[in-house]
Amino acid sequence: MGRRKLVVGNWKMNGMREHLGEVEAIGRVAAAHPSVEVGLCLPATLIMAGSERRGAAFIGAQNCHMDISGAYTGSLSAEMLAEAGATWVITGHSERREARGETNADIAAKSAAAHQAGLNVILCVGETLAVRDAGRAEQVVADQLLASLPEGAAADWLAVAYEPIWAIGTGRIPTMEAVAAMHAALRAALASRIGAEADRMRILYGGSMNGDNAADLLAIADVDGGLVGGASLSAKKFAPIIEAADQQMAAAA
Ligand code: PEP
């Protein structure tokens, strides 16, 4: 069976209670496109209320701690996020790798902790522009993925998101050929570690995905969905991406 497209919004540090109507509207779009798995990774403050109004969309968190509990002021454990209503969590987003100094080992530990708490994981990887310009993107990102992949990673609880750092929030995206080559390289890297399970694992593209480029990106063989920042903040902008994923599912059926 083919891989079900997964389209996930990352609201980052955006969203107040007044925006819960958008969660509800996105939940309705998800219900209208059941071939696609749709989710929203909300700020932690909205997870509980969002999960009550999520419709057919799942609610995720954007980060978790690697320990179950302890003296970590300001942090949230995977278990706490799950209790609040999250069923997924993003790990390794470049905005945390870069600004918070999270290492590959931290990300593997957070991903394992999330799985332990029953959360599914979107593990992010991606290269800087300097690495891409140096022609080393595929090697560097494949190495990063293998170094941050938790023990026992399996497709029923972990998806990978390839997010070129220079494409996040910039309106720039790689060429379709570059995306195809990267996703194929990441699947090959996964196969070297987890064998046939790699064929079942979803690899999302993230970085300035929007209603105009989603159809082309989602048509690439190894692109199994999207991680979407800015264009996920409203149902109006997010719906065309979900629809494009639905069309790809129909075309593949
Ligand atoms: C992201 O931050 O994960 C992201 C993909 O952002 P944007 O879509 O805004 O580039």
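Every residue number used here counts from 1 along the chain in the order it is shown.
Just so you know, glycine gets a Cβ as well, placed from its N, Cα and C.
TrEMBL entries are annotated by machine, without manual review.
These numbers come from a predicted model, not from an experiment.
Together with N10, W11, K12, G169, G229, G230, TrEMBL lists one candidate of S192, S208 for binding substrate, that being S208.
The full span of the recorded substrate binding residues, N10, W11, K12, G169, S208, G229, G230, taken as their largest Cα to Cα distance, is 14 Å. By the criterion of other Cβ atoms within 10 Å of the residue's own Cβ, the least surrounded of the binding-site residues G229, G230 is G230.
In this structure the C-alpha atoms belonging to G230 (substrate binding site) and H93 (active site, electrophile) are separated by 15 Å. In the three-state DSSP reading, G230 (substrate binding site) counts as helix. DSSP assigns G169 (substrate binding site) to coil in the three-state reduction, placing it in neither a helix nor a strand.
Cβ environment of H93 (active site, electrophile): N10, Q62, N63, C124, E163 lie under 8 Å away, each six or more residues apart in the same chain.
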